[in-house]
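Notes follow the structure.
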Amino acid sequence: MKFYKYCASGNDFVITNADRKEDRSALAKELCNRYEGIGADGFIVILPHEKYDFEWEFYNNDGSRAAMCGNGSRAAAHFVHHINKINPNMSFLTGAGVIKAKVNQDKVEVSLGKIKSVQNTFEELGKTWQLCNTGVPHLVHFCQNLDEFDTMLCQKMRQKYNANVNFVKILDENHLKVRTYERGVEDETLACGTGMGACFYLAFLNKKVQNKVKITPKSGEEVGFAYKNEELFFEGKVKYCFEANYNFS
């Protein structure tokens, strides 16, 4: 199997082309293993589609399926344009719906579409939370110090609510910093696109930031978010790392 390794804002992905759908959960887990495989946060399979430019299957690091991944969508768009030679303005089908993307050299902007749902704030484990679905569910906690981020606490919240967990600090009305515990990876990751999107949207909804901001995840790779016409837009750089062939175990 020929594969391509990509990075986007700190998240890394293994991407490959395929001509049909099938259960690749075991393969995803094998490929994403950082000790015995290639190592990645997620595995993306690009499939043909009659109506859209392509369809994808997205697998988490543990082999579970995910409806959506923000950074993964940008990596997939970069791959399909630069490797598969598809038009830079594209649309593709995910488990969370249709995603629109624009590729400009190493920068990719995607529309994550409309926010799926937002719940009221609630208190748990000594902190205030809000749940927002940007394609996948995210718990968000606004804090003054990102050192408050606690992996064990995040694990408890993730298990109870079956959601990703984010801590966000507002630096000013145009800049946020975010740390995310991702389900499917079951640990903190260097970045999470849908998580940053949830943090931005809730901050905007609560009138704490403007409708266009910069966000710095743990990786330090700054990305841009905007909310316009009831859609969430996400832009940042994507890096092609390498390509190789993988022999199945």
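Quick reminder: no glycine exception, Cβ is built from N, Cα and C everywhere.
Per Swiss-Prot, the substrate site holds ASN11, ASN60, GLY70, ASN71, GLU182, ARG183, GLY193, THR194; the candidate it also names there, chosen from ASN89, ASN164, ASN211, is ASN164. Figure note: comparing Cβ neighbours within 10 Å for the binding-site residues ASN11, ASN164, THR194, the maximum is reached by THR194. CYS192 (active site, proton acceptor) and ASN164 (substrate binding site) have their C-alpha atoms 9 Å apart, to the nearest angstrom. Taking every protein chain shown into account, CYS69, GLY70, CYS192 are the recorded positions, and of these the Cβ with the most other Cβ atoms within 10 Å belongs to CYS192.
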